[in-house]
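A quick write-up on the structure given underneath.
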Amino acid sequence: MRRKTQTSRARTGKARKRKAPAGYSRAEVPSLPLKGYTLPAVDLERGSSGTGVRQLQTALVKLGHMTQARMDTGPGTFGARTEGSLKKFQEAHGVDAIGVYGPKTRAAFKALGATLGDEETPPTPMPPVLRTKIITEGLWGASHRDQIHYAQIRPIDGLRLHHKLPLHIDCSGFVTLCYKWAGAPDPNGNRYSGAGYTGTLEAHMRHIPLSQVQPGDLCLWQGKHVSLVILGGADPLLISHGSESGPYAIRTSAQKRWYPAGTRLIWLTSPQRAEAGVRRTLSREDKARGDPPAEEGLS
């Protein structure tokens, strides 16, 4: 009887796939869907705008957390839709879903293959001497609180007369006046026309995280109140002027107790030079809102 022997003749037909031994699996190649994508190396949040925001939106579209149609409604503008899409990404990747593009979120994007580049050149920061002058004006207001009365009057009272007393002004008017008297650009972007309120401050000024807040910046309780920062840190010291009192010093944590849970706190800074195209379009709500009396009826 002839034995069957292996030959070098090639087999015909489909090759059979061999099953891997039990307990063995081929190493999975990590998915890098964002390989070749560049994202900004700076923090971004609602209110930010520019190339960095567009890069973030493009990555969110690639990952399926944002539709192209939604991006097209505001390319380069960090609004509610971008914030919501970023929260979805954060939830999916184990990052606190707060809707802010920070270090942990950047690390999550890098893990998917993205590289970090530089955001467009930041605007020239406000000189320290100018910040000092703004703070001095705020402290002057606090020292004359009995002669500064809350009133929603436009044009803003005191723009044409330095240290006018008595003064009838609201919260946004007061911080605007501090900038005017200090020789700083109009934080409302209106060239001190006498107009301005919390909505125009929010629209014109740059939004920054708490970690970047310095004396002379503003603390905005969205839709409710605005105060002047006179001392930075984890719990900035503010000068607040509202219907309850003339200007006075108060910690952010203490003022926070007067507002309903969920009231959004926004930190604003004003660059030394005006930035073309920075001002976002005001919504109908912004235009109609004005400045409600600060702390009135809140406890």
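Cβ atoms are placed via backbone N, Cα and C, with glycine included.
Just so you know, TrEMBL annotations never went through curation; they're auto-generated.
Sequence annotations record features per position, and here TrEMBL assigns region 'Disordered' to 1-26 (among others).
Taken from TrEMBL, the feature compositional bias 'Basic residues' applies to 1-20.
Residues annotated as domain 'Peptidoglycan binding-like' in TrEMBL: 49-108.
Sorting each residue of the domain 'NlpC/P60' (166-230) by its DSSP state yields 22 helix, 16 strand, 27 coil. What TrEMBL records for 166-230 is domain 'NlpC/P60'.
The feature region 'Disordered' is assigned by TrEMBL to 275-299 (among others).
Residues or ranges marked as compositional bias 'Basic and acidic residues' by TrEMBL: 276-292.
With DSSP states grouped into helix (H, G, I), strand (E, B) and coil, the domain 'Peptidoglycan binding-like' (49-108) comes out at 37 helix, 3 strand, 20 coil.
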